[in-house]
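Asker: Right, I'll just put the structure down here and ask away after.
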Amino acid sequence: MHRHTIAVIGTGYVGLTAGACLASLGHRVVCADLDPVKVAELGRGDVRILEEGLPELVQAGLDAGRLRFVVGAADAVRGARTVFICVGTPTGPDGRADLTAVDAVVEEIRTLLEPDSVLVTKSTVPVGTAARVTAALGRPDVGVVSNPEFLREGTSVSDFLQPDRVVIGSDSPWAAAQVAELYAGVDAPVVIADAASAEVVKYAANCFLAVKLSYVNTLAELCEEVGADIGRVTTALGQDHRIGSAFLRPGPGWGGSCLPKDTRALLGTADALGVDFPLVRAAIGTNAHQRTRIADRIARLCGDADGSLAGVRIGLLGLTFKAGTDDLRDSPALALAAELARRGAELTAHDPAVPATRHTELPADINVVDDPHQAAKGASALVLCTEWPHYRGLDWARIAADLHHPVVVDTRNHLDPAALSAAGLAWHGTGTSPVEPAPTAV
Ligand SMILES: NC(=O)c1ccc[n+]([C@@H]2O[C@H](COP(=O)([O-])OP(=O)(O)OC[C@H]3O[C@@H](n4cnc5c(N)ncnc54)[C@H](O)[C@@H]3O)[C@@H](O)[C@H]2O)c1
Ligand SMILES: O=c1ccn([C@@H]2O[C@H](COP(=O)(O)OP(=O)(O)O[C@H]3O[C@H](CO)[C@@H](O)[C@H](O)[C@H]3O)[C@@H](O)[C@H]2O)c(=O)[nH]1
């Protein structure tokens, strides 16, 4: 395998994972970020994000002398044959992806790129960006490639090294081939496409997943109305290989740094092109409906008939957008918390990845505690928002004694209803019938 010299610009979830994984494949990688504190920490092997296996991989890269961290893109691109842009592309004021950071990197390195090198966008960027980058570069010798990233937070390393596929899009076949070579050590199909198709694939995948989840969440609502069980429905549904069993778990809605912003961005692109995409719009609307639906349910259980929760104390288990990550961006738990607070609830929350010291990142009306049992103390309901595995093993008898009302709302059907019932708690799952406290327990 050829060993390449690579620059990675941006050391967030994607850049740091890509940098460390590419180094583990034998390449020499220089990662750049704007934040000097982060660069110094990473240079010491100090990884501040929660990603399984990433600290070890970064340390191994540093020890082998194959991974370095520098401040600023300019320093990183010197001597690099391939440069990956991995900076953020958040939602802009019009709903479309804001390309300010991508444009800034291109402007910064335009004249510094090595002759005949390749510039790759790994950031999620709207269709047309490769053409825009090519025009801004003004460097006919430099190949421009779209190589969208499909990793999930929490499992970023294994997703990067064992992906379902690698997508490489370019209008320059030599540049696509050069990027494909970097993945020689990865056992996955490589899809070579034109740049526009590669850019579309990324949004197509995330929006499909969002549609699938909104579909499931509405099915769950339907199941509640008719007395069916969403677990049984999705098991049978997923056995149809045309549908697949992944991504069928109902919950408080889909969140995170990608699905919400990428659905908005695809709609923005479609709108700008005069293409109506009602499916994606409906998926977003259905997702926003989940917080209202769950808050209505909580209000029925321990608030007023009019939906108010004035002065009602609620305990929340989980704040991150899913288990296994410390990321709070667009978390459905926070959306639900905001809705509950709007109705007057007093909130105490626990999350293993959000110690009380991170309270400054949260709305002031959420009291963060470091012990899940504390979240239950004096609350009228305990609401599970994030599926952290250890929540299954909580001391339910103690929680039953501490709760003001013995009610647990499990938005993800993560807990064991029998264990809760035996401890004297009512379990209210999603898309299924509630389980009342066992008569012997009360
Ligand atoms: N987070 C994910 O799971 C995921 C997965 C696939 C794709 N993506 C996409 O990848 C991109 C990055 O996402 P992320 O979650 O890693 O973002 P992030 O916000 O965690 O990290 C971005 C990093 O880029 C740095 N940066 C910004 N401008 C820079 C510049 N001019 N020079 C050097 N560094 C700069 C920032 O300081 C930050 O550290 C986005 O487009 C996102 O949509 C994210
Ligand atoms: O059955 C499921 C699966 C997921 N979710 C929720 O859906 C959201 C997104 O989950 P996931 O896709 O695992 O999170 P991300 O890490 O944001 O990954 C998505 O977004 C990334 C950024 O674009 C892509 O690279 C990934 O392929 C894509 O899965 C979270 O709130 C999950 O709790 C459910 O409610 N039920």
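Including glycine, each Cβ sits where the backbone N, Cα and C put it.
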Asker: Given that TrEMBL assigns ASP33, LYS38, THR89, THR124, LYS261, ARG329 to the NAD(+) site, pick the one from GLU153, GLU224, GLU225 that the record assigns to that site as well.
Answerer: GLU153
Asker: On the DSSP side of things, how many residues of the domain 'UDP-glucose/GDP-mannose dehydrogenase C-terminal' (315-417) fall into helix, strand and coil, could you say?
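Answerer: The breakdown for the domain 'UDP-glucose/GDP-mannose dehydrogenase C-terminal' (315-417) reads 35 helix, 20 strand, 48 coil.
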Asker: Among ASP33, LYS38, THR89, THR124, GLU153, LYS261, ARG329, listed as contacts of NAD(+), what is the widest Cα spread in Å, to the nearest whole number?
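Answerer: Farthest-apart Cα atoms in ASP33, LYS38, THR89, THR124, GLU153, LYS261, ARG329 are separated by 25 Å.
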Asker: Across the listed substrate-binding residues, PHE150, LEU151, ARG152, GLU153, LYS202, PHE247, LEU248, ARG249, PRO250, GLY251, GLY255, LYS322, what is the farthest Cα to Cα distance, given in whole Å?
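Answerer: Overall maximum Cα spacing for these binding residues reaches 24 Å.
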Asker: Using Cα coordinates, what distance in whole Å links GLU153 (NAD(+) binding site) and LYS202 (substrate binding site)?
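Answerer: For GLU153 (NAD(+) binding site) versus LYS202 (substrate binding site), the Cα atoms are 16 Å apart.
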Asker: Just to be sure I understand: of ASP33, LYS38, THR89, THR124, LYS261, which binding-site residues have a C-alpha no more than 10 angstroms from the C-alpha of GLY255 (substrate binding site)?
Answerer: LYS261
Asker: List, in residue order, those binding-site residues out of LYS38, PHE150, ARG152, GLU153, GLY255, LYS261 with a Cβ under 6 Å from any atom belonging to ligand 2.
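Answerer: So the answer is PHE150, ARG152, GLU153, GLY255.
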